[in-house]
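In what follows, a structure is listed as structure tokens, so that the remarks can point back to it.
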């Protein structure tokens, strides 16, 4: 039916002189949750930064909502409705929770053919993340790692994105928080968001995703449904487990 | 007692202008990481604009309206500067940014000279506030009281802006992580322009408000930026409150010095009112040692960008370079043969050789040492005055006097270097600048010893060096030895340790290198050689005066190093040669040499961030393929 909301082809990226990504091709359909899996250093975070235009050099095409965004600045891509949640959190530690949310605020985008999206407000986000609601005026540097992770997601949602790039949402979180995060992702999916998440943990990926791309040394080595990956011990052993 | 309290009020009045410039500088630095050396120029322009508007419109509207209009005009100019110049240099190393804005300062100064002339312009009295109030038994201008109130009011307004408005929140967020803010959909370019306009507005306002207090003068830009550097360094880069506290502190210390006046302790008579310049820099040095990031500052997070070019490894000279160097030395050696036909050649040749020694010593700490000194004139000056005083007061012969030069500079470099190596980056640059200003102001103000602004005259080399050719050859010999020794040091274990400390202080420390000690030693060696250049300079010119050791000298050195290319060992030699030839042959021909120099600096930064030698190297090497 629809063309994918995000389609990437022949994506290459460099850090300084070092090439990190090699001719990546992948896409995310409307309302789909896709996992980008691979070990540390496989290029998962770089893939997301390359899509957002945050690497110093890249080539290839990135089509988001039928527009080629590969020449746009990160803020322009974000304004088209592609939200980025960095893995290393990067919240503004000198700002309070509410101020962080305000920094991420962007107007609701009109979508001609898609489902009507409700505007995110701090109140609505506090229902999704009750922990944050308990500390609206706390400064970022006084929050726990899990709280910071939630704030990063909430801050990006304030931009009312249509799709999310979610870098390692479960990393370094306590098990109970990880489950909350999985619930949150499923809830966001239920509200119509398309999501690309990077993940090392197969269990977490199984909870939330529909399809998987497996990355190794900056190249896509395998792709298929999450059920296929869960059944394929060989692929798991070769590319995922330590 | 009343005298002290009265001077304290005076201090508060002069603190407000300083606070405005410092706050603007701080805001801009926080968001864009650019230290805008031209911020003093914006202050100066604010005052000139206000003067012009008040002249044309006249009356209360002309005065008060002129102040507001002038500040707004400066804000507009600031936005224009950001869009047309700074946007092109956000990705270059901080040192280049500092230098580019210095170039801008020079250009603005000459534009002001062309528009308003060299004479100081005194503004009108403030309509409505032209009277005096009697306080502590003295008459204080009402306008000063007004200024005392305006400072804190602006502080509160800025605080509200930063804390309560979305613009303020975005400024604070960008100060911490501008790239992330961009990924959240905020247009950084627009934000940067707005912040630069706001910072410029503050500087323009600070200048314009002086309309009824001090005349508009072309020397304001450098004076104000030096003080503003002190203010933001003491207060902490990026902190508005810090800028306010530091401005008040500085102004109060100066007021205190003036109130103390002349004090006699036994034989010694100290005129404290002449020590104002030294006093503020001493305070700054003291604060930096105790709190390296200023009273209200905090360590900066690394700027997330892959813009900085990696430093290339240094390579020992190959055969072609050795042949070229020998040929060059022989050519220089035969220069006296041309004296009959080109009598000026030996003067220029001596100038160039002194510049080579100066630039090579600066490059030694800037390149391999990684310490960006913005005050190398200090060691040049110590050397020059050391040699001159040895002749004047001790009547030492040439050889002994030339030996005094590096020793005096070494002593200064050991002292200043001890403080300097505790800092890095922009703080180091500003601290070295401050030390150079101390040396300069001592030379300027200690008239009994240094001859004040006239300097020391009639110091010519004795026989057999009393002719141009002989002195030229002496200079050549010293220059060749200095260059070879410094070069040799860089390929000795000391040089490796120095470079290791530059590339990664942590890792160098982990393998047992005492990085600070290495840097201190490097700093001292560089000062020593630089002092030699100063000593040679005195006998070449027959005199030394504060003018020759001002900020301009430091900037000359940096331009030479960058012109030649900071990553190359022959860079400073090429740069010094090209630059001093340019200076001798072109810049002396025009009254607008500042604009010319500023233009050259801007061109270097925009076109050749790798310098001449760097451009040549890139040209001759096969381009490294990025897609291996």
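The backbone N, Cα and C atoms fix where each Cβ goes, and this holds for glycine too.
Annotated features in TrEMBL:
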{"type": "TRANSMEM", "residues": "B:12-31", "note": "transmembrane segment"}
{"type": "TRANSMEM", "residues": "B:38-57", "note": "transmembrane segment"}
{"type": "TRANSMEM", "residues": "B:63-86", "note": "transmembrane segment"}
{"type": "TRANSMEM", "residues": "B:98-118", "note": "transmembrane segment"}
{"type": "TRANSMEM", "residues": "B:321-338", "note": "transmembrane segment"}
{"type": "TRANSMEM", "residues": "B:344-365", "note": "transmembrane segment"}
{"type": "TRANSMEM", "residues": "B:400-419", "note": "transmembrane segment"}
{"type": "TRANSMEM", "residues": "B:426-446", "note": "transmembrane segment"}
{"type": "TRANSMEM", "residues": "B:469-490", "note": "transmembrane segment"}
{"type": "TRANSMEM", "residues": "B:520-540", "note": "transmembrane segment"}
{"type": "TRANSMEM", "residues": "B:560-582", "note": "transmembrane segment"}
{"type": "TRANSMEM", "residues": "B:594-617", "note": "transmembrane segment"}
| Out of B:12-31, B:63-86, B:321-338, B:344-365, B:560-582, which stretch touches the transmembrane segment (B:520-540) the most, going by CB pairs under 8 Å? | B:344-365
| said: Contact between the transmembrane segment (B:426-446) and the transmembrane segment (B:400-419) is defined here as three or more C-beta pairs under 8 Å separated by at least 6 residues; is that satisfied? | reply: yes
| query | Looking at the stretches B:12-31, B:38-57, B:344-365, B:469-490, which one shares the most CB pairs under 8 Å with the transmembrane segment (B:560-582)? | reply | B:344-365
| query | Are there 3 or more C-beta pairs under 8 Å linking the transmembrane segment (B:12-31) with the transmembrane segment (B:469-490), counting only pairs at least 6 apart in sequence? | reply | no
